[in-house]
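*Asks:* The following block contains the structure, expressed as structure tokens.
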């Protein structure tokens with residue numbers, strides 16, 4: 001059944017890694033001589049303590065991970081990371097409520113970027129850095145990160161990868177999962193470092209550029225400023241961040257082939273990339289034209305705000321360069337639709353993802369053809385490969401569940417007294433790991449006004465969305481726990 | 001080592017699983033996506049959904065940097081084509097599975113190597129050889145050779161006549177016994193024995209020894225009264241059966257029982273005159289008795305159906321046949337068949353996979369390679385100068401429990417080890433250990 005000892009053992013090592021990151025923040029607190037030092041040290045101590053307890057419990061574990069174990073490990077890892085990750089916020093007293101602290105951390109790890117903080121600038125540097133760090137760790141996945149740095153997953157790496165990776169199919173860049181993870185992470189690290197340099201050139205200070213780079217490549221969206229990117233008033237910075245959000249929305253395997261192997265064709269000819277480019281292009285064009293016609297902004301500014309906002313929401317980053325609630329209402333709805341779309345599978349973004357949209361639209365097109373040619377054999381081809389019917393039905397089931405969860409969540413939030421547009425935008429935004437919503441949860445507000453229960457629901461939705469529905473929901477099916 | 005396996009059939013998948021457990025970079029190619037998808041999400045390997053005979057597919061799989069290319073698709077000609085393409089696209093070494101005896105002749109080796117196919121493997125022939133080995137030495141269950149036969153491993157089941165039952169191993173004739181007991185299989189449990197363990201009735205005991213002491217082992221295992229096989233009955237006229245008739249020694253009489261009359265006619269064309277072909281159902285006991293089952297010493301069941309083979313062997317055993325051999329293609333049934341007292345179980349896929357594996361061993365013995373054998377791992381190490389194992393006599397080494405040294409090969413000659421043996425650098429040491437111990441054993445050699 002479930003190999004609980006091995007699960008404990010893995011969790012134990014994961015906690016040590018988290019404790020390591022907390023120590024890193026503590027060093028920052030020492031450097032800036034700020035008050036959050038004790039909070040970080042005690043959080044690190046508690047996390048490492050839990051790590052020791054779990055490791056002791058997992059001693060002499062049978063080194064075997066089944067698929068079930070993989071799903072349990074991944075779901076628990078995200079929950080426990082958030083539980084320990086909220087300690088610095090809570091212990092330092094900057095976020096006095098447990099609900100808020102957990103929400104903020106879960107929003108970080110899942111790279112959602114929705115915040116309950118109403119005065120972000122008042123936080124000490126250590127905590128600000130920790131917020132950004134949570135997103136960076138969560139970007140490609142907590143467990144995936146561990147596969148890359150630790151050899152402990154001599155067994156079961158594949159099962160864990162399958163439970164955490166996004167997208168309907170997973171491609172590898174190397175036969176061994178550990179090496180694949182290392183390459184993907186070096187691309188990720190490379191993007192982050194490149195962005196830090198470009199932001200520094202744009203006049204951002206070191207701390208802000210590091211924090212923003214961490215959250216851009218993770219498509220997270222936590223900023224060190226309450227007004228997000230709009231606070232910098234710099235077209236250069238907006239363009240740089242747009243570029244990196246866009247890059248982080250591409251499948252990292254393709255980026256690997258593009259940057260390190262020089263296989264340009266693989267990227268250029270990739271069907272999902274076409275859809276990504278096409279949707280971003282169309283949405284940007286529509287938004288730009290609407291803005292030029294309805295707002296006092298000039299063409300360049302309209303284009304800049306439009307492309308930034310479209311890319312930010314489609315890659316599910318959630319940075320803000322302009323409050324789109326001040327735009328015409330048709331654009332609010334458009335923004336919500338963009339949030340549903342998402343970028344590419346195998347990237348750091350959330351949402352339904354272009355590959356699924358591409359496949360579903362071709363399935364739908366085939367249904368029309370079938371009416372005219374009832375006996376035709378109609379394959380769905382992606383990148384010249386025929387998509388199997390199991391993949392197709394998995395995608396349809398995914399989309400059905402996605403829409404169903406949006407409606408259920410919407411209803412639940414309405415029951416809790418959240419307003420109409422706030423409720424649906426919060427649900428879409430949480431499930432897609434985006435960040436801002438519309439109305440009172442829009443770009444210029446935080447989500448602190450939501451009832452406590454709504455925050456827990458929203459945090460759960462973030463986790464469900466980040467692990468692509470099935471991984472988390474599977475744990476709630478009775479069949480998963482049955483012995484046969 | 002980067003290894004490309006073309007064809008995700010039974011042999012290919014078995015080999016891929018075996019090698020991916022050993023930190024090799026495995027790329028498995030097949031045109032059928034369904035065959036690949038199950039492996040892709042459960043094993044640490046990469047799958048490429050492309051035809052192994054397509055140039056773009058091979059390039060996509062990274063054939064240019066491959067150390068070994070293995071063609072194990074069902075069709076011989078495709079394997080050959082794939083291997084030729086692979087060599088010319090940059091693969092260092094290629095192996096093709098074939099169905100043709102002619103290709104294997106030594107005089108053609110150079111020719112095929114020139115074409116780009118470096119090694120050939122013929123599973124049916126290997127299986128036939130194994131069957132003949134098994135019936136020639138009917139008292140042995142398992143037979144394994146290390147370094148071209150310098151050291152052999154023998155597995156045999158203990159009956160009441162064995163001389164070594166219920167004696168602690170350290171009392172078994174002091175220091176100079178010409179064998180070493182490396183593993184004992186008792187029921188479903190595998191034991192790596194220590195000096196105070198004893199051998200019990202019905203254990204399967206694995207000995208390592210050199211070839212000249214095999215008769216001595218036969219004596220102490222109490223198998224001397226085992227009748228030598230003179231009459232063999234083969235059920236099912238498959239290709240393996242044909243090969244088997246070609247390898248049996250002169251003094252054996254072979255009868256093949258085949259149900260299909262057309263196949264019988266075909267068999268008469270390909271086998272020697274002294275082989276008798278009988279048209280009938282091998283499950284028909286009356287027929288078997290009429291054909292002299294009672295005077296037969298070995299019964300070999302080689303039909304396509306694993307279940308039929310197992311049951312027919314059981315029936316033959318009941319009729320008093322001492323040696324039974326069953327072809328079991330369903331890997332999960334193998335341990336069950338063994339526990340049912342079927343003398344030797346033949347599995348074409350495992351034979352082919354372990355042969356390829358053995359070829360890799362011979363090519364590169366500097367690394368640890370292991371092979372699962374009766375739930376224990378067998379690893380070959382080349383001892384490095386200055387490693388811990390060379391420092392002291394084996395008995396003072398403090399080897400962990402569950403690890404034993406089966407023997408060593410020094411300058412091509414097999415040497416059995418005792419507690420006082422001191423291992424020298426450049427020796428090839430054969431180590432037996434229980435599943436998890438391989439890492440601990442490794443420390444002693446590096």
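Using the three backbone atoms N, Cα and C, a Cβ is placed for every residue, glycine included.
What you are looking at is a predicted structure, and each value in this text was computed from that prediction instead of being measured.
What TrEMBL shows for this protein is this:
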TRANSMEM  A:12-32  transmembrane segment
TRANSMEM  A:38-58  transmembrane segment
TRANSMEM  A:70-91  transmembrane segment
BINDING   A:111, A:112, A:220, A:316, A:317, A:433, A:434  K(+) binding site
TRANSMEM  A:136-162  transmembrane segment
TRANSMEM  A:183-204  transmembrane segment
TRANSMEM  A:239-261  transmembrane segment
TRANSMEM  A:273-293  transmembrane segment
TRANSMEM  A:330-352  transmembrane segment
TRANSMEM  A:394-420  transmembrane segment
TRANSMEM  A:456-476  transmembrane segment
*Asks:* Would the transmembrane segment (A:456-476) and the transmembrane segment (A:273-293) count as touching if the test is at least 3 Cβ pairs under 8 Å, pairs 6 or more apart?
*Replies:* no
*Asks:* Same-chain Cβ contacts of the transmembrane segment (A:273-293) under 8 Å, 6 or more residues past its ends?
*Replies:* 246, 249-251, 254, 267, 299, 302-303, 305-307, 309-311, 314, 327-328, 330-331, 334, 338, 341, 343-344, 354-355, 357-358
*Asks:* Around the K(+) site recorded as A:111, A:112, A:220, A:316, A:317, A:433, A:434, what other same-chain residues have a C-beta within 8 angstroms of the site's C-beta center?
*Replies:* A:110, A:113, A:135, A:218, A:219, A:221, A:315, A:318, A:349, A:350, A:432, A:435
*Asks:* Residues of the same chain, at least six outside the transmembrane segment (A:394-420), with any C-beta under 8 angstroms of its C-beta?
*Replies:* 168, 352, 356, 359-360, 363, 426-428, 430-431, 439-440, 450-451, 453-454, 457, 461, 464, 468-470, 473
*Asks:* Can you give me the same-chain residues 6 or more apart in sequence from residue A:433 (K(+) binding site) with a CB-CB distance under 8 Å?
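*Replies:* Looking at Cβ-Cβ distances below 8 Å from residue A:433 (K(+) binding site), excluding near sequence neighbours, one finds A:110, A:111, A:112, A:113, A:219, A:316, A:349, A:350, A:351, A:462, A:465, A:466.
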*Asks:* What count of other C-beta atoms do you get within 10 angstroms of the C-beta of residue A:317 (K(+) binding site), across all chains shown?
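*Replies:* The Cβ of residue A:317 (K(+) binding site) has 37 Cβ neighbours within 10 Å.
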*Asks:* Taking a Cβ cut-off under 8 Å, which residues six or more beyond the ends of the transmembrane segment (A:38-58) line up next to it in the same chain?
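*Replies:* Here the qualifying positions are 5-16, 18-19, 22-23, 25-26, 29, 80, 84, 87-88, 91-93, 126, 130.
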*Asks:* For residue A:434 (K(+) binding site), what residues in its own chain, 6 or more apart in sequence, show a Cβ-Cβ distance under 8 Å?
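*Replies:* Correct list: A:112, A:113, A:114, A:221, A:313, A:316, A:317, A:318, A:339, A:350, A:351, A:428.
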*Asks:* Could you check the binding-site residues A:111, A:112 and say which one's CB has the fewest neighbouring CB atoms inside 10 Å?
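*Replies:* It is A:111 that, of the binding-site residues A:111, A:112, has the fewest other Cβ atoms within 10 Å.
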